[in-house]
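**Q** The structure is given below, and queries will be raised subsequently.
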Amino acid sequence: MNTLIIAWTEIKLTIREKSNIIYMLALPIFLITVLGVALGSGFSETVKIDDMKIGYQVTEEALEQPFEMFIKEVETDAFAFEEITSASEGEEAVKNGDLTAIVEVDKEGMHLSYQDQLGEFSKAVIEGYMEGFSGELQLIQTLYQVAPEKMATYQSASKETTNQITTAGVAGKETESSIQYYSIAVITMMMAYGMLYGAQILASEKRSHTLNRILMTPVTRGQLFTGKLLGCITIQSVFIALTMLYSYLAFQMDWGSYWLIVFGLFTLEMICAIAIGLFADGITGGKLKGLPGILSIVITIFSALGGAYFPIPDSNVWKNISPIGYLSTVMKQVVYQNKLDVLLLPIIVLVLISVGCILGYSVLTRKKEVI
């Protein structure tokens, strides 16, 4: 009960503090609006999907004619196909930049290989075509085996189906808007600033010399810490939801089918950032006044490398070295490609760091109490 009372008190104190509202709610909304609108025209001209050439090899004889027919229906000047004699030849052409990707078609299915530096949106376009072909191939193959004389009548219907595939979902997106980019990048960056709160989670009590008086009551240090942490997580989660809602209502930002999972990952990032700041405060014993400034510099550097201030392609090495940039890339894959498998690694890492830092802080503070 003491923990919940402290959490509720922390929420009320945060809401009363105008600087917190400005910093954690008004600032990200301002950045999304200014960066998204002001840089909109230039952004759309620089982040484009280039023409693509796909190498292909069909090793199953029964699939050769259906695949050739499919190519005729979807091939354009911007999305071309070229037959390769072997997988090794195709891989070499991809490495040299002569081919964007290669697809091997056999009785087990299709196997795609990309250029290492290929962007996520370009991959999504290719996968959009291939996923459409995967379903169409099964029907074509069955029709070809059962009633070959009906292939001519199916070909005309095939064209309409293929056109629908090329404009569906991500496959129809040739540019990423500035609002889409900065909505994800800015929120990811702002959650990292939770480190500053973690570094000062008990600072107000220490400054007002009320910490010792609180601990003389039935409230323990653990209850005080847990309550303040829960209060912070709750109010910050509300700020995340409001920012996402603003981008949706004001700019029609599409958070995808798994928007709740995206919200959860933002929240987990924020918890991890608080835990890191908390652990840093524990290491310094709460005596380093410049700790928030040091953490701000670190966050600013990672934000710049991660493309929070200006657009950086997802394939950029430095962007993925930055935790902020890496998480932004993961968010895009979930939002635009519905890829949930990419969440496993970041979730495990964020949970391990959070638990490790909180346990480390508990051990450090307990030792100081004993001393």
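Backbone N, Cα and C atoms are what each Cβ position is placed from, and that goes for glycine too.
Features from TrEMBL:
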- 19-359: domain 'ABC-2 type transporter transmembrane' (DOMAIN)
- 21-43: transmembrane segment (TRANSMEM)
- 181-203: transmembrane segment (TRANSMEM)
- 224-246: transmembrane segment (TRANSMEM)
- 258-279: transmembrane segment (TRANSMEM)
- 291-312: transmembrane segment (TRANSMEM)
- 343-364: transmembrane segment (TRANSMEM)
**Q** Which stretch from 181-203, 224-246, 291-312 shares the most C-beta pairs under 8 Å with the transmembrane segment (258-279)?
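**A** Between the stretches 181-203, 224-246, 291-312, 181-203 has the largest tally.
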**Q** I need to check the long-range neighbours of the transmembrane segment (181-203): which residues 6 or more away from its ends have a CB within less than 8 Å of a CB in the stretch?
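**A** Contacts with the transmembrane segment (181-203): 23-24, 27-28, 31-32, 35-36, 39, 43, 47, 211, 224-225, 228-229, 232, 236, 240, 243-244, 247, 251, 253, 266, 269-281, 286, 291-292, 295-296, 299, 302-303, 306-308, 311, 323-324, 327-328, 331-332, 335.
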